[in-house]
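Annotation source TrEMBL lists [2Fe-2S] cluster 1 binding site at C45, C50, C53, C75. Under the heading [2Fe-2S] cluster 2 binding site, TrEMBL lists C115, C118, C162, C164. The FAD binding site annotation in TrEMBL covers 262-269, 350-354, D366, R434. Sequence annotations record features per position, and here TrEMBL assigns Mo-molybdopterin binding site to Q774, F805, R918, G1092. Summarising the annotation, TrEMBL assigns domain '2Fe-2S ferredoxin-type' to 6-93. Annotation comment: TrEMBL describes 231-416 as domain 'FAD-binding PCMH-type'.
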Amino acid sequence: MDRAEEKLIFAVNGERFELSRVDPSTTLLEFLRCHTRYRGAKLGCGEGGCGACVVLLSKYDPLLEKVEDFTVNSCLTLLCSLQGCSITTTEGLGNSKDGFHPIHQRFAGFHASQCGFCTPGMCMSLFSALVNSEKTPGPDPPPGFSKLTVSEAEKSIVGNLCRCTGYRPIADVCKSFAADVDLEDLGLNNFWRKGENKEKILSRLPFYSHSNEICTFPEFLKREIKSKSLSDFNGYYWYSPASIEELQSLLETEEDGNRVKLVVGNTGVGYYKEQEQYKRYIDLRHIPELSLIRRDRTGIEIGAAVTISKAIQALKEESEGGFHPNGEMIKKIADHMEKVASKPLRNTASLGGNLIMTQRNHFPSDIATVLLAVGSSIIIQTGPERTELTLEEFLERPPCDFKTIITSVRIPSWESVRRFSSETKTKLHFESYRAAPRPLGFALPYLNAAFLAEVSSSKTSVVVESIRLAFGAYGNKYAIRARKVEKLLVGQSLSLNLLFEAIKLLKATVVPEEGTSYPAYRTSLAVGFLFDFLYPMLEAGSTILRGGLNGYMNALPTKLLEFNREYSPVGEPTQKSGAEIQASGEAIYVDDIPSPKDCLHGAFIYSNRPLAQIKDIQFKSPPELYGVVRVISIDDIPEGGENLGSQTMFGTEHLFADDLTQYAGEPLAFVVADTQKHADMAANSAVVDYDTEDLGTPILSVEEAVKRSSFYEVPPYLRPKQIGNFSEGMAEADHKILSAEIKLGSQYHFYMETQTALAVPEEDNCMVVYSSVQCPQITQIVVARCLGVPCHNVRVITRRVGGGFGGKAMKAMPVATACALAAHKLQRPVRIYLNRKTDMIMAGGRHPMKINFSVGFKSSGKITALHLDILINAGISADISPILPLNILGALKKYNWGSLSFDIKICKTNHSSKTAMRAPGDVQGSFIAEAIIEHVASTLSLEVNTVRSKNLHTFESLKLFYDSSAGEALEYTLPSILDKLSASSKFHQRDAEIRQYNSCSKWRKRGISMVPILYEVSLRPTPGKVSVLNDGSIVVEVGGIELGQGLWTKVKQMTAFALSPVKCDTSGDLLERVRVIQADTLSLVQGGMTAGSTTSEASCEVVRICCNELVERLTPLKERLQEKMGPISWNMLILQANLQAVNLSASAYYVPEVTPMRYLNYGAAVSEVEVDLLTGATSILQTDIIYDCGQSLNPAVDMGQLLGSHHYF
């Protein structure tokens, strides 16, 4: 083969890349992040589900002479598939040097970026929608807008997840580009204020013009010749056959199917992870027959390599005017396919790939179920032999071997007999359904279904002439037809008795396999879907509302802000610091730091047993094949070092298991290899030899922990106090509920950025560790103790974190420590970026609990006594678990329980240590309180809000329950908040309307509830440092970490305000002169932990103290200079301060006084929800929230935090 034919040529952001040797398993994301300067695309899940990796892919069609632009998940797209393609990342749209794109500017201006990790992917999804909207017919939009509609703009980001913002500001960004948007309906932004006229608004909105848009496909690529094959990268091959015959020839030469991979979009690896690398990759996209779409009067035939997106487009075109006589059915099939996965994934995933995964691997496919219902057939080919099978036959046959390929899928034309007479008429009915955790985007269904029926109706009866009932994804191997139910219904006149018989039979048919989650729910879904389909035929004019597929409601909140400018710029909705560079991909996270020379990569080998002796660890293949340099274990800890992975004030946790592993997920060793992919593959191939003899049984439940008295102690100063006398309170009660039970499960953090670290050894036995951690100071201590070196030998640096929620506190420490240990041992830089599976297994998550309560109450609903028995599953180490009793009671005491007693036990079990997770204990405490209130209301048949009101605190009872934290009477604002919320949300009016609605609606019911919230704030000491540099710019250091909560923004505002007394008339805006820099444990000590929603407050106070000191130093100088020179500039003041040896750096350590150290925050929310009784699907129709934050440091940032917390749980 000519070497010129072997080159891979493509472009990234207009830059030409030409590669002659490429590992076929290399993904586009891996190439971008490891071999280019473009780091905007991020690795979030590695499954195409989060959208952090989304980029724009552009292809040129020389026949049509047009460019096709679409989004793809770069974490799944193979680099070798990009021959002649152009890639655009968010860096290609604009940057801080050449100017930001309007998308970047609007993301920043609408306060739509918090941690910012997901923002580049969001920008590219929106950019793709804008580019493609201009290709659609229709009138030109007004200047500054696109052809997108508001609905299309909102849906452009369906494939992107965000864990911070609550989506409202992101949706506002998208809608701001839509031609039909009402700008006044958009939320708070940095461009205009409410009430300004439209002309002023338009003048301030960053201008968008498609004519000025970047070129997504450079001209030089149009001249490049496609390469047929990229051959021989260390024995690995990539082929691009041009015909089925050539494909079959390639397959015939291979005997081992485990070595060959057929590729279209490579999206299957998002679900089925590859444990070993394939030897041969065969790209099917260049075989014309597999990419054809044929239409005739018998139906529509779609090639197996056609992407799902193109199949949807073809079906929609067919429904609008093709040969197919039943266009409505075809459109519904297309509509259902749009609920499958995300758009970037559908843009590359193939129809044939979806079906072959279903047949071979029992993938829970929506497409297979829908196509089964409409009688589709599959054309397969093995060698020269081609066979057409019904989809049912195809699914039921043994798994296809690698030499059998799907060539096409045929959807037949359905046309009912349509007999019409004065007596009867015949009609074809088709519906499809799915129930999933999320109605749109990347969420596999609990169950999907599709039904096709031909019915004849008359004035007296409805007869089922024929029917096809398909069900799938409910915990079975593949989609099935409920043939016994079909047989029961065919030829019968529909009646309630017949429907109930069909449901009874269906329950016996749709039975999930053992081990399937929620089996009863899945069966009930099948019943609900069938009822939903048949009942309207039975009762003409029924008002039943369709559920499973079309239950998505677009309900975004509005917001009302109150703020003042008395302390400007503190209190103003200033744009979040760094938001534009987060959008443009220039913001640097730990994994964005370029790898130093000779850098290695690590991955954990962890236990999958809860209690076992470790006898040996081996690899399935020689580790040298994976580029493994060394396996680091407990034996590699240096003399004088400790086997320490994390520590809290309550204890420590090992870095590695010794001879005994005590929980599944415990690190056993740390594989170090030449790339992250190789390290992960080596760790996955590890085979651990366990021995459980003579160890007894592990403790896996809180009940077992109680039996074996396995508990952690709570220090006396953290033990909550009992209130009143429980026995006396129960004696006063008219009614009692005894030993009721509540169980609360765990929850994974799901920060967008997984745990990551980079350790670089330096001279004199020193180590620099870059860690995505919420507590660098404690990480420094742990690393130093592990390495056996003084703390001054270890520098931990954290610039920003891509989402934390408590999971980047203790659980980030062992990740950083393992890297540091490996770097110390090998004297080479070592980094790690945990894959999502490992992160989920090792992260711990929220504490599960079991609660038993006994409560006494009056007939009026007033509670007189409450006793709680709470068992908390803490896992294998204490972590932060001892603070949970105080936190649980802190939230639960928002009501006056009369007397309150409790017995809270923190159980030590053989699970991973549970850790801090967004309001640890407070969330559970509030839930427990509301569950008890609702139980009491139900027992008394009272309105739950009546019971809530009866048990709200007076200020006197508040002081009894919260002691000094209660503050002054004027600070107890919860009753007034509830009154204000009741009025502003029209609670009582809506409650009456809901009752009326429920009386008329059979299958959908609504409810409304108003819930108070209380959070006990506890401030911690924190350090800070403010320095004014020679040119008048200001640099600030604080102990807190920027997690996306706007810490840096608020600190900048406080710095500008606190220095304003020496601000000079001609100095301009001090805010623009301030820069907050990364946390560095050798630059600013005693940084503590960023947690508890108090870091911004404490950091701003310490900065104020520092600035006050600078003001005291500069004021006398300023006054002397003004006497001599008149008005002076800030730069002149600072220059003279330097010349006169004024110390322009001030540091402080803020220690809260006893009184303000703990105080109470109040809020309340009204939520209206709707439940589909047939499917269990729920929708939040409206939420109204009032939060008393005192005087907000930054209303835009605080509003973002509020909206984000509402969507988080």
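Backbone N, Cα and C define each Cβ position, glycine as well.
A Cα-Cα distance of 21 Å separates G1092 (Mo-molybdopterin binding site) from C162 ([2Fe-2S] cluster 2 binding site).
When the Cα atoms are compared, R434 (FAD binding site) and C118 ([2Fe-2S] cluster 2 binding site) turn out to be 28 Å apart.
Those same-chain residues not listed among C45, C50, C53, C75 yet with C-beta within 8 angstroms of the centroid of the [2Fe-2S] cluster 1 site C-beta atoms are L29, K42, L43, G44, G46, E47, G48, G49, G51, A52, N73, G121. Within 10 Å of C53 ([2Fe-2S] cluster 1 binding site), counting C-alpha to C-alpha distances, fall the following of the binding-site residues C115, C118, C162, C164, S350, R918: C118. Between S350 (FAD binding site) and C115 ([2Fe-2S] cluster 2 binding site), the C-alpha separation comes to 34 Å. Of all Cβ atoms in the protein chains displayed, 29 besides its own lie within 10 Å of the Cβ of S350 (FAD binding site).
Mean model confidence for the domain '2Fe-2S ferredoxin-type' (6-93) is a pLDDT of 95.
Taking the centre of the Cβ atoms of C115, C118, C162, C164 as the [2Fe-2S] cluster 2 site, the nearby residues of that chain (Cβ within 8 Å, site residues left out) are S113, Q114, G116, F117, T119, R163, T165, M752, G802, G803, G1044, G1204.
Taking Cβ-Cβ distances under 8 Å and a sequence gap of 6 or more within the same chain, the neighbours of C118 ([2Fe-2S] cluster 2 binding site) are K42, G44, C50, G51, A52, N160, L161, C162, R163, C164, M752. Taking the centre of the Cβ atoms of Q774, F805, R918, G1092 as the Mo-molybdopterin site, the nearby residues of that chain (Cβ within 8 Å, site residues left out) are G804, G806, G807, A809, A916, M917, A919, L1043, T1090, A1091, S1093. Contacts of G268 (FAD binding site) defined by a Cβ separation under 8 A and a same-chain sequence distance of 6+ are given as G353, M357, in order along the sequence. A 10 Å cutoff on Cβ-Cβ distances gives G352 (FAD binding site) a total of 25 other Cβ atoms nearby, all chains included.
Within 10 Å of the C-beta of C75 ([2Fe-2S] cluster 1 binding site) we count 26 further C-beta atoms, all protein chains included.
In sequence order, R163, C164, Y751, M752, E753, R800, V801, G802, G803, G804, L1043, G1044 make up the list of same-chain residues 6 or more apart from C115 ([2Fe-2S] cluster 2 binding site) whose Cβ falls under 8 Å from its Cβ. Across the domain '2Fe-2S ferredoxin-type' (6-93), DSSP classifies residues as 16 helix, 31 strand, 41 coil. Of all the binding-site residues listed (C162, L262), C162 sits in the most crowded Cβ setting, with the most other Cβ atoms within 10 Å.
Taking a C-beta cut-off of under 8 Å and a sequence gap of six or more, C45 ([2Fe-2S] cluster 1 binding site) has these contacts in its own chain: A52, C75, R836. Using Cα positions, the member of the binding-site residues Q774, F805, R918 nearest to G352 (FAD binding site) is identified as F805.
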